[in-house]
Amino acid sequence: MASSSITITIITFLFLFLLHHSSAKKTYIVRVKHSDEPDSFQTHHDWYTSQLQSESSLLYTYTTSFHGYSAYLDSDEADSLLRDSDSVLDVFEDPVYTLHTTRTPEFLGLNSEFGVYTGQDLGSASNGVIIGVLDTGVWPESKSFDDTDMPEIPSKWKGECESGSDFDSKLCNKKLIGARSFSKGFQMASGGGGFSSKRESVSPRDVDGHGTHTSTTAAGSAVRNASFLGYAAGTARGMATRARVATYKVCWSTGCFGSDILAAMDRAILDGVDVLSLSLGGGSAPYYRDTIAIGSFSAMEKGVFVSCSAGNSGPTRASVANVAPWVMTVGAGTLDRDFPAFANLGNGKRLTGVSLYSGVGMGTKPLELVYNQGNTSSSNLCLPGSLDSSLVRGKIVVCDRGVNARVEKGAVVRDAGGLGMIMANTAASGEELVADSHLLPAIAVGKKTGDLLREYVKSDSNPTALLVFKGTVLDVKPSPVVAAFSSRGPNTVTPEILKPDVIGPGVNILAGWSDAIGPTGLEKDSRRTQFNIMSGTSMSCPHISGLAGLLKAAHPEWSPSAIKSALMTTAYVLDNTNSPLHDAADNSLSNPHAHGSGHVDPQKALSPGLVYDISTEEYIRFLCSLEYTVDHIVAIVKRPSVNCSKKFSDPGQLNYPSFSVLFGGKRVVRYTREVTNVGAASSVYKVMVNGAPSVGISVKPLKLAFKSVGEKKRYTVTFVSKKGVSMTNKAEFGSITWINPQHEVRSPVAFSWNRF
């Protein structure tokens, strides 16, 4: 009897489990064949609603960035849509993306926004440029959105400033001209309608800080006497101080949902933005399943430049995100500014690190040092609950970097009674130093210094330290250095396209901040500040977005591909000591899988001499070469059909400003590129080749002579893998540069012998 009741109980449990999971609803993105819409429906919305069991299931209708809609469905409904309707081409779960979290303009050579360019005031010209930022929203009261002396909003602008419970539409002005929020995907993922955080609401208001930081980096107005708690004092300004800003809130407490991102891109394109900036991303996916790639293709076709962060998963190989060739993929480097701090040890040694701690100092009395003193095996990492208060109270705690947030480690130490912290890098972060505004006196040190410190604590009978903070230091050398966290190539979706494209300033960047949250982002941080210093490819991306806006103002006739080419081919690969760029991960020489074409140089990008332009038709030929189905390509290009008869034989044939040569089983790879003269008439360029040890490179012709501006010329490069080269995972690098007395148009080349 007992066994039969147990059997019944198990069967009942399994039934309820299966019932729950079969009926659990999720957000799905549904792609449809627009040309199949019957004439009986007045709108796409009406047609889409007819396909669903409930009208309330429909979340968004997409028109520009994507052909289809998103809906809140259970798995059976999703399956039946695809099974029962020939008009439904694809149904997939809503992807979730994550955020890639005053001296910058001078470091980039931006002096009063280039001053006068070819007889035209570039500051005035950029009044007509609109930069759209998809992020966590905006804090409109920030001084960085001051619209003093700005002319009327451009007539092309079709957007608006939405009101919310904590956001008055009147807060927008002639600088911040638009603010919208998109939360349906997020709300459905949160259980069908609520906000988990009391601070969040359906409004463009930024309660995270990230969105205000990125938007003011791209185009914030100049604010004098800005600083973060005394650090980095000076004038804070965005890249394009006279450009307009429109913000689209798509990121919430649990992430940035693809359905919301597509809706925002759809709206931004219709609103009339010139540039889209997305400091967010996820893992790699085929382009037809990548909502950012799909939306940005539509933007590119409408003449909108799209800049995306490369991700913060470095120095891991093949970790780069947002790799579509029509997107500018931006990695991160350091500035020539630092925030030094020191640990004076009891053995007489002085360890150098960095810090943004701004509170009361430690005085002059050294304190005892402890390491790995806690209740768990994770006490070395200072995870919440891992430290033993009786062992760390009144002492300085050494914490290994990794796993939890850097600022959280400081909070854990403080809560356990510690009076200071030294955060020491491990092999994963190498020698990269990122300054943080900890809640207690704390500094960060690199791996080599950290190893010395850990050994000192273990071997000395009475280890002590005194932490000393030295404020802000300028003209640091070498700089830039590639940030260890900056995600790396090769490109896992299309290895024949070199990614990232460039690096820009992304370490310890000062920009505007939200008044809703402290600078660490921790709930227990009660401090409030108008500016904050942050690091990440999230910070480098809006630098490039702002620069693209300036190039758009200077050259309104240029396509997004031409602007991208100008930024890539003029990028530099030597630091301020005239040495090749280095990698903060291990202080070794960097390479194009880390820095792409190099670090952006906006002054040179204004006049690149030659550009590699790419038409929409060429991008379609590229997509055809990926062996996608016609339906998959249609998903990206949003046309009734595509003809792949003229497809490239190799994706690397795309007219890209850089080269990524994948030999595979071949010894010879040959590519033809076309360059357009945007310099002076009667310009002549000669080629300079920087080869690789295992590859022979030949270019024909060796000289390009242009008679007129706008003239196009082709050249062909043949890459030959030398005999005896083993088919290993190794990569080699070189470059091809077209030179005349005024210009150097440089393209990096990466070589690999197998995919991964």
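Any Cβ shown, glycine's included, is placed from N, Cα and C.
If you look up TrEMBL, you'll see 1-24 marked as signal peptide.
Feature annotation from TrEMBL assigns domain 'Inhibitor I9' to 27-100. Model confidence over the domain 'Inhibitor I9' (27-100) stands at 90, taken as the mean pLDDT rounded to a whole number.
The domain 'Peptidase S8/S53' annotation in TrEMBL covers 127-582.
Taking Cβ-Cβ distances under 8 Å and a sequence gap of 6 or more within the same chain, the neighbours of Asp135 (active site, charge relay system) are Leu99, Asp206, His210, Gly211, Thr214, Ser215, Thr247, Tyr248, Lys249, Val250, Cys251, Ser277, Leu278, Ser279, Leu280. As annotated by TrEMBL, active site, charge relay system applies to Asp135 (among others).
Here TrEMBL flags 192-218 (among others) as region 'Disordered'.
Look at TrEMBL and you will find 197-211 tagged as compositional bias 'Basic and acidic residues'. Long-range Cβ contacts of the compositional bias 'Basic and acidic residues' (197-211) within its own chain (Cβ-Cβ under 8 Å, at least 6 residues beyond either end) map to 99, 101, 133, 135-139, 161-167, 179-181, 183, 247, 249, 251-253, 279, 513-514, 516-517, 519, 521, 532, 534, 538.
Using a 10 Å radius centred on the Cβ of His210 (active site, charge relay system) and all shown protein chains, the other Cβ atoms total 26. Positions annotated as active site, charge relay system by TrEMBL: His210 (among others).
The annotation domain 'PA' is assigned in TrEMBL to 368-453.
Among the features that TrEMBL reports, active site, charge relay system is placed at Ser538 (among others). Cβ contacts within 10 Å of Ser538 (active site, charge relay system), excluding its own Cβ and spanning all protein chains shown: 30.
Annotation source TrEMBL lists region 'Disordered' at 583-602 (among others). With a threshold of 8 Å between CB atoms, the same-chain residues lying at least 6 positions outside the region 'Disordered' (583-602) that come near it are 108-110, 114, 239, 314-315, 317, 329, 331, 333-334, 429-433, 480-484, 486, 488-490, 498-504, 543-544, 547, 550-551, 567-573, 657-658, 731, 733, 746-750.
Here TrEMBL flags 653-750 as domain 'Subtilisin-like protease fibronectin type-III'.
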Which numbers of helix, strand and coil residues does DSSP report for the domain 'Inhibitor I9' (27-100)?
23 helix, 28 strand, 23 coil
Please work out the helix, strand and coil residue numbers for the domain 'PA' (368-453) from the DSSP assignment.
24 helix, 20 strand, 42 coil
